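Here the structure is laid out as structure tokens; the discussion comes afterwards.
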Amino acid sequence: MTTTSTPFAPVKWQDDALVLLDQTRLPVETIYLTLTTSEEVWAAIRHLQVRGAPAIGMAAAYGLYLGVRSSDANDFEAFWHHLSEQADYLGTSRPTAVNLFWALDRIKARVQREAGKPVAELKAAVLDEALSIQREDAEVCRRIGEHLLTLLKDGMGILTHCNPGALATAAYGTATAPLYLAKERGWNLKVYADETRPVLQGARLTAYELQQAGIDVTLICDNMAAMVMAQGKVQAVIVGTDRVAANGDVANKIGTYGVAVLAHAHGIPFYVAAPLSSVDLDTPTGADIPIEERPAEEITHGLGKQVAPDGIKVYNPAFDVTPARYITAIVTENGIYKPDEIRNCKR
Ligand code: MRU
């Protein structure tokens, strides 16, 4: 396993508990939450204390263990029933990032493979699989970064949206992985981070983690991206994803679609960093991806105080879908694909 050079540990299994870096408090406060029940994990996912597709999957995996570790089931059937109930429950925490369901299904598949063993061993297998998911994620992100780096050159300007960073993964991030690797190689990339309304993951998280890592990052408001592109400051856009559909459409944080259209208009390549855990070949097109709608208060009170009139109607989709035609390439740990090739990607 490769060692990591990114400074954050957003998800940790420590002293028989799940320890999460509370991302709603960054960048002002660094507070860790210690969670010991699946209900607490469900709430932490729902309320964005842990967020970003791979981190949600990792947290849910540990949440599943917390949900079954005290199970009084004494045979496989009873344990399977309890495990399935807990997995279904954790699956209701957020709908869009497929990594959540991928992680829960992966654990269920492991337990199926171990059917016949004593319940204590099945419980141990659940934890072991959760730990493997986290361990592998760091390596997956590094490989995505290495592939992406082949598409970049020293001195480029890179624009990103939301937080596809180390704070959203086990290490490196997905879209940020090439930025960390470029830094290790002594390159000078200039990164533009969209602030990412309404929850400001770009300002609070991406700008913060890249700054902490000594990467040249400049924060811009979302509505400045067109200007920055027109000024020739951006040579590539790299974003993460919450789900890639079989036809190459990509769901990511709201605003990504607009950035893709802008990149297309300016002739700038638009890359999606996608671990295979985010590639969902069972979802035929972007129109089939469930898009989460979040509370109105994220917009009306988004900056810590009321910024909109009482009673105003609000529409707050948390994600949008970028059509495959605006995507130059989808970069996975197993290689670089054109969107229409993703259904045949190596898994
Ligand atoms: O609502 P969030 O903060 O969970 O949304 C996160 C994103 O949209 C990220 O860009 C995506 O999960 C990629 S994470 C590597």
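Keep in mind that glycine also has a Cβ here, set from the backbone N, Cα and C atoms.
TrEMBL: automatically predicted annotations, no manual curation.
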Which candidate from Gln201, Gln306 does TrEMBL annotate alongside Arg51, Gly52, Ala53, Arg94, Asn252, Lys253 at the substrate binding site?
Gln201
Fewest C-beta neighbours within 10 angstroms among the binding-site residues Gln201, Asn252 belongs to Gln201
Which whole-number value in Å describes the distance between the Cα atoms of Asn252 (substrate binding site) and Cys162 (site 'Transition state stabilizer')?
9
Using a 6 Å cut-off on Cβ distance, which of the recorded positions Arg51, Gly52, Arg94, Cys162, Asn252 come close to any atom of ligand 1?
Arg51, Gly52, Cys162, Asn252
Within 8 Å of the Cβ centroid of Arg51, Gly52, Ala53, Arg94, Gln201, Asn252, Lys253, the other same-chain residues by Cβ around the recorded substrate site are Ile56, Ala97, Cys162, Asn163, Pro164, Ala168, Gly240, Asp242, Ala318, Phe319
Near Asp242 (active site, proton donor), how many other Cβ atoms are within 10 Å of its Cβ?
30
Applying a 10 Å Cβ distance cut-off over all chains shown, what neighbour count does Arg51 (substrate binding site) have?
26
For Lys253 (substrate binding site): intrachain residues, at least 6 apart, with Cβ closer than 8 Å
His161, Cys162, Thr196, Gln201, Val239, Asp242, Ala318, Phe319, Asp320
